[in-house]
Amino acid sequence: MAPRCWPWWHWSAWRRTRPPPVGSTPSFLQQFSTQEQPPQICVVGSGPAGFYTAQHLLKHHPRAHVDIYEKQLVPFGLVRFGVAPDHPEVKNVINTFTQTARSDRCAFHGNVVVGRDVAVSELQAAYHAVVLSYGAEDHQGLEIPGEELPGVFSARAFVGWYNGLPEDRELAPDLSCDTAVILGQGNVALDVARILLTPPEHLEKTDITEAALGVLRQSRVKTVWIVGRRGPLQVAFTIKELREMIQLPGTRPMLDPADFLGLQDRIKGEGPWPGPLAHQGGDGLGLRGLGGAFWGRGLRSRDRSEMFSLPTEAPRQRKRLTELLLWTATEEPGVEEAARRVLASRTWGLRFFRSPQQVLASPDGRRVAGIRLAVTRLEGVGEAARAVPTGDAEDLPCGLVLSSVGYKSRPIDPSVPFDPKRGVIPNTEGRVVDVPGLYCSGWVKRGPTGVIATTMTDSFLTGQMLLQDLKAGLLPSGPRPGYAAIEALLSSRGVRPVSFADWEKLDAEEVSRGKGAGKPREKLLDPQEMLRLLGR
């Protein structure tokens, strides 16, 4: 079906629109006439971005109807498949999303792949507006030799595996090695490290899949290195995630005090945060208790003078995070903590100023045996500092490599503009550039950054822009068929969508299966089994 064209759309007017002043939402709501046609709005993606966008639209327009399309059979996206199983409090947002989905002005249609089962242009013809909120389901590749070796996985796939993402259920990582290396120093990297090192009995009452728990029970991984191209001031994880790692039962941290030389006096308040700071001294990169040979050539003392570039002022959160890193690296633990560390059977560490150069194969070439890391130094200041190679390198033995260097979105449909370099849909405040009536929210709008609260704010803004355009007459007037037209198309193509009521049946089954083991649920992994349970 060809998309309809509405000649009264003027892009110049579209671009001039601006959000209403702060605090004006209540009067904005009252401006919609009860005589106008109920706007039919389509949201693609049922993760946080999709549900928050739908929530805003339903709350601030008294007659809007929102259909949410999802390629999985089940809703909630990253909340279900991305949030770590030992963070159940983060998943409580599902309760809010469920209330939205149960609204008589909202409908969930799972098992529908937009771009394959139905084109975006067909959605545009059926709805007054379409919002793309399908997230970032791909990962950034390492693009180095050896990346294809068995034993190298993306953190995205590993997280999907232990969280029950159907497409990753057959991942079967081999955890028979002693050492794992995680490339990247964001929250996902720390999530993966924590799951690898957490005593399995501490995960038994979570919603981790039984299959993943079985593999973790047999794991021989004792050491996890979390590697970053830049330094302590540029780590992307939060202080909450770092505290969890430091306090993880049965483990002890290994941080090199030399990585923090020059920061100690400043972070303790004995002086302002300076500009580029020269290190003095430094005895190589060997950690206490580890031989220098383990570290390869490391950095020469003179290279350390170029290692740090500090901002003139550090944000409070960054300062607190650096303080905790510094304390962990340099302070002697108290008696109780020291005793705990002595008994720890597993270790984790942060390796700074290292960039992956090559994954090294075992002698038979059949799996990963290590990784070659280029030693780096920083150019620039603060979080914008760039890692550049020094010419030195070191080899780190390991049997498992997990790449956590970033997620990225995929283009969904040839008709939708896409920036492959940034991995986003080009947009202005959520309005897709040069495509009136098409919007985006969440990671596909701004890139894979921030937490769920960030996505909430972002999605509310997109919803606000859509409603503003609706009020300004920039969206088509007159009735639109909405799901009635799409349902007919899907039926003719043999696609059978799953409703929210269907999901609630699957939800009840998962809860029932988990009850016997004292778990909140045992996730269903096989889409075919889900369909059978629904009588399909």
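Glycine too: its Cβ is placed from the backbone N, Cα and C atoms.
Keep in mind that TrEMBL annotations are predicted by a computer and have not been checked by a curator.
Owing to the predicted nature of the structure, the values given are computational and were not obtained by experimental measurement.
Taken from TrEMBL, the feature domain 'FAD/NAD(P)-binding' covers 40-196.
With a cut-off of 8 Å between CB atoms and residues at least 6 apart in sequence, the same chain places Asp458 near Gly450 (FAD binding site), listed in sequence order. Per TrEMBL, the feature FAD binding site maps to Ala49, Glu70, Leu78, Val114, Trp443, Gly450, Val451, Ile452.
The NADP(+) binding site annotation in TrEMBL covers Gln185, Gly186, Asn187, Val188, Arg229, Arg230, Glu241, Gly450. Around Glu241 (NADP(+) binding site), the same-chain residues at least 6 positions away in sequence with a Cβ under 8 Å from its Cβ are Asn187, Leu190, Asp191, Arg194.
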Taking every protein chain shown into account, which of the binding-site residues Gln185, Asn187 has the largest tally of Cβ atoms within 10 Å of its Cβ?
Gln185
Per 10 Å Cβ neighbour count, which of the binding-site residues Ala49, Leu78, Val114, Val188, Val451 ranks highest?
Ala49
Closest of Gln185, Gly186, Arg230 to Trp443 (FAD binding site), Cα positions, binding-site residues only:
Gly186
Distance in Å spanning the most remote Cα pair of Gln185, Gly186, Asn187, Val188, Arg229, Arg230, Glu241, Gly450, given for NADP(+):
20
Can you grab the distance from Ile452 (FAD binding site) over to Val188 (NADP(+) binding site)? Cα atoms, rounded to a whole Å.
14
Determine, to the nearest whole angstrom, how far the Cα atom of Leu78 (FAD binding site) is from the Cα atom of Gln185 (NADP(+) binding site).
19
Among the binding-site residues listed here (Gln185, Val188, Arg229), which has the Cα closest to the Cα of Ala49 (FAD binding site)?
Val188
Going by C-alpha distance, which of the binding-site residues Glu70, Val114, Val451 is nearest to Gly186 (NADP(+) binding site)?
Val451
